[in-house]
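Only one structure is covered here, and it is reproduced in the block below.
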């Protein structure tokens, strides 16, 4: 490029051939694009390293962007667990635990049964519970060992995932870096637990062009729940999961050491077998049916709970959010 510039410079301005001028312009654009790409890759690698350093999970996080020049999100802090917002207290002292020894079994009087629910997992730690069933995992007062079949979500993510830039205009997404079996625990949604008064305020920002990542904790009551989780400023990689009208992930409420009925943890499980490289999706707006099929090793329901969650996947069109999931069953609008 240097030699081309010298050649062009030595030609009188009025005599410079247009084809050579255009060639130099193109070379400069390529050079500038290369500079931007190198800088972007460095920043994304630093972000990947930072998240893996902070993450308490045993599995790895990858970051990929082969779509555009977007870098890491601004003003976003990676966290492993909920943090309490103003006027919110997250209790961490369970009143009691199970007495199962040497370990919990599907027939033992374990935490699920202590809380009038049922055993959630099979021996392989995959889901057995019907959709909408509250999951009570063993807590720090239980006598069972750390590898108990009823300790799944609390032991963290064991599946490698990648934050990646989508090529269909949906911003960042999340994809599997290995095959995920039906009913397997995939990841947990984290963020700032806030009051619904504050959630309403933040939700309204979406109508002025900002993105919101609010998840209503509506498992105890669909109409009168006091808290929501906001993953906008604080969260983990689940913040980037996109919507689909035909999702491959379902959401379950899980209680471990915090047994406040209004503050469940939000666990994402595989609705079906998920291929390596496949994008992970949930249905932002689906409703829990009154009657659901029982989840087993051969079947997982397509329904999830009812989050109010808006990400880069949805674009605003007046007061309507247009869906861009591309599924055959796409409803065209989120609401």
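Glycine residues also receive a Cβ, built from the backbone N, Cα and C atoms like all the rest.
Unlike curated entries, TrEMBL annotations are predicted automatically.
On the 0 to 100 pLDDT scale, the model's mean across the domain 'Pre-SET' (96-156) is 91. If you look up TrEMBL, you'll see 96-156 marked as domain 'Pre-SET'.
Summarising the annotation, TrEMBL assigns Zn(2+) 2 binding site to 98, 111, 138, 142. When Cβ atoms from all protein chains are considered, those within 10 Å of residue 111 (Zn(2+) 2 binding site) total 30, not counting its own. In three-state terms derived from DSSP, residue 111 (Zn(2+) 2 binding site) belongs to a helical segment.
Annotation source TrEMBL lists Zn(2+) 1 binding site at 98, 100, 104, 110. When secondary structure is read from DSSP and collapsed to three states, residue 104 (Zn(2+) 1 binding site) falls in the coil class. Under 8 Å, Cβ to Cβ, and six or more positions away along its own chain, residue 104 (Zn(2+) 1 binding site) finds 98, 110, 111, 119, 138, 142, 144, 148, 149, 150.
Annotated Zn(2+) 3 binding site per TrEMBL: 104, 138, 144, 148, in sequence order. Residue 148 (Zn(2+) 3 binding site) is surrounded by 24 other CB atoms, counting those within 10 A of its CB over all protein chains shown.
Residues annotated as domain 'SET' in TrEMBL: 159-285.
According to TrEMBL, the feature Zn(2+) 4 binding site maps to 245, 323, 325, 330. Spatially close to residue 330 (Zn(2+) 4 binding site) yet at least six residues away along the chain are 245, 246, 323, judged by Cβ distances under 8 angstroms.
TrEMBL lists 319-335 with the feature domain 'Post-SET'.
Other than the site residues 98, 100, 104, 110, same-chain residues with C-beta atoms no more than 8 angstroms from the centre of those residues' C-beta atoms, the Zn(2+) 1 site, are 99, 103, 105, 108, 109, 111, 138, 142, 143, 144, 148, 150.
You'll find the Cα of residue 325 (Zn(2+) 4 binding site) roughly 45 Å from the Cα of residue 100 (Zn(2+) 1 binding site). The record gives 245, 323, 325, 330 for Zn(2+) 4. Within 8 Å of the mean position of their Cβ atoms, the other Cβ atoms in that chain belong to 243, 244, 246, 324, 326, 327, 329, 331, 332. Compared over the binding-site residues 110, 245, the count of CB atoms lying within 10 A of a residue's CB peaks at 110. The sparsest Cβ neighbourhood within 10 Å, among the listed binding-site residues (100, 138, 142, 325), is found at 100.
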